[in-house]
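In TrEMBL this protein carries:
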type: TRANSMEM; residues: 12-36; note: transmembrane segment
type: TRANSMEM; residues: 42-63; note: transmembrane segment
type: TRANSMEM; residues: 75-95; note: transmembrane segment
type: TRANSMEM; residues: 166-188; note: transmembrane segment
type: TRANSMEM; residues: 218-240; note: transmembrane segment
type: TRANSMEM; residues: 252-275; note: transmembrane segment
type: TRANSMEM; residues: 282-300; note: transmembrane segment
type: TRANSMEM; residues: 306-327; note: transmembrane segment
type: TRANSMEM; residues: 348-366; note: transmembrane segment
type: TRANSMEM; residues: 395-413; note: transmembrane segment
Amino acid sequence: MKDERKFSNFILLWATQTLSRLGSSLTPFALILWAYGETGSALSTALLTVSSYVPYILLSLPVGTLTDRMNKKNLMLVSDTTAALCTLSILFVWLSGNLELWHLYLVNCITGTAQTFQQPASEVATTLVTPEDKYQKAGSLNALASSVINIASPVIATTLYSTGGLTLVIIVDLSTFTVAFISLLLLVKIPEMEKKERKESHIILDLKEALGFLKANIGILQVILFLAAINFIASIYNAALPAMILSFESESVLAAVQSTAGAAMIAGSVIAAIMPTPKSRVRMIIISLFISMSTENFMLAFFRNPGIWCAGAFLGWLFIPVMNTNLDALMRSLIPSVIQGRVYSARNMLQFFTIPLGYLAGGFLADTVFEPFMADKSGTFLNQLFGTGKGSGTAFLFAVIGIMGVLVCVIFSKLEAMRRLDG
């Protein structure tokens, strides 16, 4: 009965935070549409993401050690409020008619810093309000939430942006924040770790403990490095996708492709929820990412049909929730809750530092390497494969990252320590 009440607390936290995440995802999508419309540059839009990830990467380790010693609810409340104030500042500048790209880069740096505190606090809070036998179910619900956000966000953001501009998008964003904030403040109970589980220590010692844990558990470290490599490739994809699709089609097609990916993740979340516990979670993670890397990238590269793009998005994202669910359960089962905050932050730094690098690489390669390269290849077999005109170079880039993704999956599948993590 106690576990049921505990899980009900998780459901409340999950539902309200999902609503807030949905609202928070609308503004970045709308800002990408605005920025690309202003500049026509893949690199300019990629820098929106880079500016939010840089503080996250730089601060993840020390913040994780602080997270373990601070009240998780208060940390989430302060972080969410900071992000909301940043969004409000964008609205004021937009209404004044003075919005420029550098404003967005600056604000994203601040929200990225807030997210650096919010994420490990939220992850530990999830562990604290979830019975151990419900970890897989909680992971499935988190995957479902991500799927719903991915399918709904592009459509909602595009609709709101075309109807009422950034003003309407931001108002909806702040409204969802308000609901989640009040719920977290007044209704959600997040227990603190027992005092016997805590220990007072120095931040440097905590950092050493986190890195020492990963060094002693080489299989976990290999999983993290595997995902870092995948994140680099996926970030090139994310940076180049808007530029390629908007070169050929309208904003609604971009929204349709990204919403199809979200629909695939909903289907994948159902698969993750009903499938039995696999004999090897590591093997399931590798297989899921292999399928993702070997489908969508090539369908984007070789076809100019929105229907095929959507089919590729569906295949590419279908098993991502399965991967996330198994990764979440694997990490929660292998990392003690008393050090999860600092270890998760070390993991996040190692696993996510490749994301801004990937976005920079994607924007740079699309704008200055692949597009100019294809512009000089008129009448060659490359034009037959990837098309002509603006967007053909980015299509070539998708073929390259598809090959890279397949190779990364094959290489890491051979690492023995990683394969031995769960038998």
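Cβ coordinates come from backbone N, Cα and C, glycine included.
In TrEMBL, annotation is done automatically, which means it is predicted and not curated.
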Report the listed stretch (218-240, 252-275, 306-327, 395-413) having the maximum count of Cβ pairs within less than 8 Å of the transmembrane segment (348-366).
218-240
The transmembrane segment (12-36) versus listed stretches 42-63, 75-95, 166-188, 306-327, 395-413: most Cβ pairs under 8 Å:
166-188
Can the transmembrane segment (395-413) be said to touch the transmembrane segment (75-95) if we require at least 3 CB pairs below 8 Å and skip pairs under 6 apart in sequence?
no
Would you kindly check 166-188, 218-240, 306-327 and say which stretch has the most C-beta pairs under 8 angstroms to the transmembrane segment (252-275)?
306-327
Between the transmembrane segment (75-95) and the transmembrane segment (166-188), are there at least three Cβ pairs closer than 8 Å, leaving out pairs fewer than 6 positions apart?
yes
Within the same chain, where does the transmembrane segment (42-63) have neighbours whose Cβ lies under 8 angstroms from its own Cβ atoms, ignoring anything closer than 6 residues to its ends? I mean 6 or more beyond.
28, 31-32, 35-36, 101, 104-106, 108-113, 115-117, 120, 203, 207, 210, 235, 238-240, 242-243, 342, 345-346, 348-349, 352-353, 355-356, 359-360, 362-364, 366-368, 394
What residues in the same chain, six or more past the boundaries of the transmembrane segment (282-300), come closer than 8 Å to it by Cβ-Cβ distance?
219, 223, 226, 230, 233, 237, 241, 244, 308-309, 311-313, 315-320, 322-323, 326-327, 330, 395, 398-399, 401-402, 404-406, 408-410, 412-413, 418-419, 421-422
